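J.: I am attaching a structure below and will ask some questions about it afterwards.
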Amino acid sequence: MAAVILPSTAAPSSLFPASQQKGHTQGGELVNELLTSWLRGLVTFEDVAVEFTQEEWALLDPAQRTLYRDVMLENCRNLASLGCRVNKPSLISQLEQDKKVVTEERGILPSTCPDLETLLKAKWLTPKKNVFRKEQSKGVKTERSHRGVKLNECNQCFKVFSTKSNLTQHKRIHTGEKPYDCSQCGKSFSSRSYLTIHKRIHNGEKPYECNHCGKAFSDPSSLRLHLRIHTGEKPYECNQCFHVFRTSCNLKSHKRIHTGENHHECNQCGKAFSTRSSLTGHNSIHTGEKPYECHDCGKTFRKSSYLTQHVRTHTGEKPYECNECGKSFSSSFSLTVHKRIHTGEKPYECSDCGKAFNNLSAVKKHLRTHTGEKPYECNHCGKSFTSNSYLSVHKRIHNRWI
């Protein structure tokens, strides 16, 4: 933390109005002798220290910090000239070294720096015992150099942090340390705040509520992501195809389409996936597991997202609205497909005939006209169809006779 010492001999000329100095030439030598005698006996380097808080120091520009360096060094010389015993703090030695390499920062005098001058006047005659004060913010000491440079740097990835506690938490990414355990399920976390958020899964607490739709969340980051549904904000853009996404995670997963990167392989069928969550969802095809159940109708689903979308068939909720025609949809995917009607985009092309479609299911259905595949079979008469919708229409024939 930075500290400013006001020069004893320079204070009247630099920080007080010139009008107060006129008419004081007589007896000047006597006053100087008295001041010198008094200062020699009473004033030490620490006694006249004026400290900047962390926030005040951050407001100073390089020229103002240069002024501080000059004032500090001048003060040390002034005390020495008065015959006072001066034990150089380590900061003074650092400042003398810095002065040799940062002379290009000079150029602002006290008279041309009114904000800093006002600050110094306000702090004048406020004795401090500790030149170096380690400001505490919420019980955590913040380390800074005298020029405001952050000292909390990770020695593995060189990322810099404003507090030692943030650096300590960050280092656990490299070490894998997770010292905070959940007493209910045993899951471990790298920080206490993550554990606090996790515990809300068990107690059902959701203190963060959306002011648009009333939906509640257990942590503020989930609420921020949710709000982008309402605002339409998609700040993450793919630099290859310019598709935009609401989250960095979605963008990262999308980029693997371009790179062909598939790290996660199914050990049963060998199919590879770009994300672990996609592999987990795929594995349930083999196991038949459907752990997500609808409380209204009892229907089960492989993925929580499928259940969320299904529940909207009961509630009638359609939170995704087209900003061109006003039509609403129960899922963001349905809205994305719908928007292609307006844009005319048809990104899915048949490899046999070149015909293009605006959604994947349409091109899959079309491909069956080439392959002759008819996977949808009527359980009454055994007739097969290329699509589920054709089968549904056909079943009405049988329903008439029931």
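Cβ atoms are placed via backbone N, Cα and C, with glycine included.
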J.: Among 75-97, 98-120, 236-258, indicate the range for which Swiss-Prot gives the feature zinc finger.
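T.: Result: 236-258 is the stretch Swiss-Prot calls zinc finger.
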J.: If you look at how Swiss-Prot annotates this chain, which of 31-53, 376-398 comes out as zinc finger?
T.: 376-398
J.: From the DSSP assignment alone, can you count helix, strand and coil residues within the zinc finger (180-202)?
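T.: Helix/strand/coil tally for the zinc finger (180-202): 11 helix, 4 strand, 8 coil.
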J.: Using a Cβ cut-off under 8 Å, which residues of the same chain at least 6 positions beyond either end of the zinc finger (180-202) come close to it?
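T.: Sequence-distant neighbours of the zinc finger (180-202): 169, 172-173, 218-219.
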